[in-house]
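One structure, as structure tokens, below. Some questions next.
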Amino acid sequence: QIRRQGGIQLLVDLLDHRMTEVHRSACGALRNLVYGKANDDNKIALKNCGGIPALVRLLRKTTDLEIRELVTGVLWNLSSCDALKMPIIQDALAVLTNAVIIPHSGWENSPLQDDHKIQLHSSQVLRNATGCLRNVSSAGEEARRRMRECDGLTDALLYVIQSALGSSEIDSKTVENCVCILRNLSYRLAAETSQGQQMGTDELDGLLCGDANGKDAESSGCWGKKKKKKKSQDQWDGVGPLPDCAEPPKGIQMLWHPSIVKPYLTLLSECSNPDTLEGAAGALQNLAAGSWKWSVYIRAAVRKEKGLPILVELLRIDNDRVVCAVATALRNMALDVRNKELIGKYAMRDLVHRLPGANNSNSSASKAMSDDTVTAICCTLHEVITKNMENAKALRDAGGIEKLVGISKSKGDKHSPKVVKAASQVLNSMWQYRDLRSLYKKDGWSQYHFVASSSTIERDRQRPYSSSRTPSISPVRMSPNNRSASAPASPREMISLKERKTDYESTGTNATYHGNKGEHTSRKDTMTGE
């Protein structure tokens, strides 16, 4: 009714009024009018009335904390509408970064003062601004590019996360938002940044074959042009200085520099917010995908920072999306030869335990996983047994054949074609190890159980978080916050994931991580979040 009678235009005009009280009431009304998916038409109408630049003008000039909170709340609600993500980046990214995120993060005033730490995460303005940017980070390649190039944004987001480590703020919505933004911005870095594109094909080939072969890494071209200065990879301590960069990383470089591994692993070991866990695992998954030089370094850094056991332990958690992100991260970690050996040795039982079937079908530990997660686990198993016969034997020893055969030969609609195909591919690769066939036969299996008609699975390991919830597995996955974390960053954009979206209510009762949306509503008089 209000929209049809022209009320949104009138309220937008009041954002430039001379009285603070009017700003407060107009913002509160607008925030309620654009709350929730059902009001997407109101969001579009607000944008068509010049509402986004008007909100940004008010944010830039007001010092009233409540109004800043309301304005950022309106922007957060608007950002869940796909059609408004790029307009928000266009008109509001710089001001949100410079007027809210950088000052409230405390990054510019470091070293940290403790009193600042406390006000930091309780800041609703920071929560709202990061919620808005989390949603818009799922809008695709151009959105990611603009955000990566936004001065100070990455530094400030990382600073918020680092200052929350070891405090009760580690489970906060603000930290969750920051991690999900970074996950999305980590999606397809090698393909989308000038640093990623500087690498020639020769160097790529060298990295592929020389990936972490310990002492032989030097001769394989693992270090590109600077390899002469570098001793073998095993002597790099995992935290820098790195062979190719004397300077500490800043800005966009922080997204892929191995020093980022430690804060992500600390989150994974200390945090209990499942959306933050999924985001941190998704970020590591994105960074470890592919054959880019920095991906090679990241995979080594995760090993050296003792990150593999942290990831393996999270396979046991009772949260489907976390397990999916962690399994895919492990799949990418296994591109490193040494990591592959360690994962085969120490993670095989946990991976097999998560597959449906056999005797643990009734156990609570193995409650039904989604098709996406079962597919992710199969793809990880496939990577771990590829070119490693010991790991194939470990898979058999852990009881994996029985479960995989159960999936691949299942009748009816018990498992989706995608899951059946993934399980069949693992079995097909198991059969290729001729030396193990006598063991299989001793266990009562025959060629019929291993070799199915479908023996190919596409592989893509990158996903972004996005606002949708449909992940897909592929060879190397990255995830942006699109599908789970964000579109290719919203719930996440894994190499091509859709975004997932969920409305986030101020009470937080149904705040889901991969819904990259946080929306607010407010009561007409007090305007506190409902």
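Start at 1 and count along the chain as shown; that gives each residue its number.
A Cβ is built for glycine as well, from the same backbone N, Cα and C atoms used for every other residue.
This is the feature table in TrEMBL:
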| type | residues | note |
| --- | --- | --- |
| REPEAT | 6-39 | repeat 'ARM' |
| REPEAT | 50-93 | repeat 'ARM' |
| REPEAT | 306-343 | repeat 'ARM' |
| REGION | 456-530 | region 'Disordered' |
| COMPBIAS | 464-473 | compositional bias 'Polar residues' |
| COMPBIAS | 479-492 | compositional bias 'Low complexity' |
| COMPBIAS | 495-504 | compositional bias 'Basic and acidic residues' |
| COMPBIAS | 516-530 | compositional bias 'Basic and acidic residues' |
In the repeat 'ARM' (306-343), how many residues does DSSP call helix, how many strand, and how many coil?
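The composition, in the requested order, is 29 helix, 0 strand, 9 coil.
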Per DSSP, what is the residue tally for the repeat 'ARM' (50-93) in helix, strand and coil?
37 helix, 0 strand, 7 coil
Let me know the model's mean pLDDT on the repeat 'ARM' (306-343).
97
